[in-house]
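Inspection log for the structure reproduced underneath, given as structure tokens.
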Amino acid sequence: WRCREGAPHSTLVPSDEVTINYRHGLPVITLMLPTRSERCQFTVKPVVTTVGAFLQDVQREDKGIERAEVFATDGSKVSDATLMEVLLMNDFKLVINNRAYSVSPPVKDKLSSEHATEMEDIKSLVHRLFVALHLEDHQIRKERELLQKLDHLKEELLPLEQMRARIMNSADAKTSRLLWVGLALMSAQGGALAWLTWWVYSWDIMEPVTYFITYGSAMAFYAYFVLTKQDYIYPHAKDRQFLHYFYRKSKKQRFNVERYNKLKDDLAEAEESLRRLRQPLHLRLPIQEISDKD
């Protein structure tokens, strides 16, 4: 848009009217600024400019305008989000401060269907050219953002990874000791039963004892299933005990497991996005400006 001051008297419009003319296919709205007493021309882009943006331009040009609104002929207010292309299809009222202007846009010749199709083809071609020219820059910019995000996540994860490694080593050591203690107890139990059977008592006496020991072990395994809803499988039991030690140690050392998992998920997501961005089938264009960061 542009403003002009002191226009010749022959080209001036009446002070109580707003005129609209088309120049080079674009509507030019001419109106009198109320406090500056200047005629101002606003060139709008109908398919892009909204009513709110047009009113903001008017108020920005004349700081004395306190109220600027647009109403339809039936008195209903026109939304600021309405495109100027839609507004200029019918008559409307422009209210500036306490003054209303009746505006009658000129009738614009409608494009023929063939001409409209050609215009749509041209728009589509321009869009494809824009994408082809700017896609690589967008990809490079996106790759930089992802690399920066990866560096930031790795910096946050480094102290957590070190703390996690220490906790995992401690939990693994405790779990291993527990397994060895279990083996030692079972060996001691077997030796004690053998000693009682062959050196102290006879098998007739020890047979009921071994039966109840076996039955007690079965009850213990069943109780494990009732409490955990899992069969007593040695690898699963070992993992369960490891997690128990891990979370108890994490709580003592104030290791935030949820934050660590969130950072790991964000890191994996960023790496996957970077991998997909660098795939030739997704890129369509090679990216050679940025080298991989180690």
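The backbone N, Cα and C atoms fix where each Cβ goes, and this holds for glycine too.
Any TrEMBL annotation is an automated prediction that lacks curation.
Under the heading domain 'Calcium uniporter protein C-terminal', TrEMBL lists 61-263.
Within the same chain, residues 203, 206, 209-210, 213, 238, 241 sit at least 6 positions outside the transmembrane segment (178-197) and bring their C-beta atoms closer than 8 Å to a C-beta of that stretch. Among the features that TrEMBL reports, transmembrane segment is placed at 178-197 (among others).
The transmembrane segment annotation in TrEMBL covers 209-227 (among others). Packing against the transmembrane segment (209-227) from elsewhere in the chain are residues 189, 193, 196, 237: each is 6 or more residues past its ends and has a CB under 8 Å from a CB in it.
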